[in-house]
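Peer 1: Dropping a structure here in structure tokens format, bear with me for questions.
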Ligand SMILES: Cc1ncc(COP(=O)(O)O)c(C=O)c1O
Ligand SMILES: N[C@@H](CCCC[NH3+])C(=O)O
């Protein structure tokens, strides 16, 4: 049991808290599910890129899936071996490609023919052969929130099957490209297995057709996307997930790469915020807290549900919205929830805040971003200090 009150007293609020032992359990559950085949779990750094989080996963043997050279640098700094790092994303800049090639990471995951031309030219300039994978867009509906769906042709990600095949043939004939991997990622917060199985089957067929023309794919990257429980959803069991993928891979000797972000850290994180005031507007009850959408954006951006709890409070519950001090009507953590009466300084815990929480925080309204704390074997450690007003303005100059 985490003593949220003690942490709020010690570090103040708003605050992010991560249970590192829970992260270990998540990693081991997934790794075990893939046992029996060669596999690499490459944690999607974007979900929570705190150096301590990434280094904790590095210690467990995890690789990293990165979407910017900044994330690649974080992964390296946190101790992830270079041959376990993948760099994905639709818009890598020349500088980023060059640095990734110099770092000699495992794979650059390409998302267009135009990008492949740039990678080839930059590899030629450096006198290198770039190890690449190609992200295939299998046109499968992942049945998740449209903002986090990525595997349909209407989404900007990856290339269609025909284009992918053309790219593999081109890359295979290039001195500066080594097409060793294939990749798909159909969306995030996936709770149904069938779309993943279908996508995997389509991509595995492509791998078999490449094998027939002597293009050998060694890395079969199934992306991330495993959903977690925010409310009471039924989600995917790691074992069944792995079995569904295995069932599509007959005749193939590949290393499976899996890039979970949310699954690894989502339920391991908590956002703590304190009640400032309560008010009622014509019967509508609001609990105003010191955290806001700039700290945790998911409810505002996706209308995402996060479980909330007022610590140690009971009493006659009534419906209320929990809202922050930012001047936007969309600044809320919960709507129409049954809550006990609250008072100034009561502590509210927002659950499942470990993924896409702090990383999506901003300084909107000149609000310093919260501190982050890790709990390891029952002991707390600050892993990022709370920002100060001085931190926020330090890159600005007054020109008059
Ligand atoms: C290419 C890629 N890999 C992995 C992930 C991680 O996704 P999730 O946090 O849903 O596991 C994402 C984000 O959706 C992604 O775009
Ligand atoms: N930021 C999203 C997920 C994006 C996945 C990244 N490709 C969320 O909070 O759910």
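One is the number of the first residue shown, and numbering goes on along the chain from there.
Glycine too: its Cβ is placed from the backbone N, Cα and C atoms.
What you are looking at is a predicted structure, and each value in this text was computed from that prediction instead of being measured.
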Peer 1: Please pick, from 168, 170, 351, 356, the residue that TrEMBL records in the pyridoxal 5'-phosphate site together with 225, 259, 260, 261, 262.
Peer 2: 356
Peer 1: Applying a 10 Å Cβ distance cut-off over all chains shown, what neighbour count does residue 261 (pyridoxal 5'-phosphate binding site) have?
Peer 2: 24
Peer 1: Among 46, 298, 302, 328, these being the recorded positions, pick the one whose CA is nearest to that of residue 261 (pyridoxal 5'-phosphate binding site).
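Peer 2: Closest candidate to residue 261 (pyridoxal 5'-phosphate binding site), judged by Cα separation, is 46.
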Peer 1: Of 225, 259, 298, 328, 356, which binding-site residues come close to ligand 1, meaning Cβ under 6 Å from one of its atoms?
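Peer 2: Once distances to ligand 1 are taken from each Cβ, 225, 259 fall under 6 Å.
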Peer 1: What Cα-Cα separation, expressed in whole Å, is found between residue 298 (substrate binding site) and residue 356 (pyridoxal 5'-phosphate binding site)?
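Peer 2: Cα-Cα distance, residue 298 (substrate binding site) to residue 356 (pyridoxal 5'-phosphate binding site): 8 Å.
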Peer 1: Using CB under 6 Å from any atom of ligand 2, narrow the binding-site residues 225, 259, 260, 328 to the ones that qualify.
Peer 2: none
Peer 1: Once 225, 259, 260, 261, 262, 356 are set aside, which residues in the chain still have Cβ within 8 Å of the Cβ centroid of the pyridoxal 5'-phosphate site?
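Peer 2: After dropping the recorded site residues, what remains is 44, 46, 47, 188, 224, 226, 263, 264, 266, 355.
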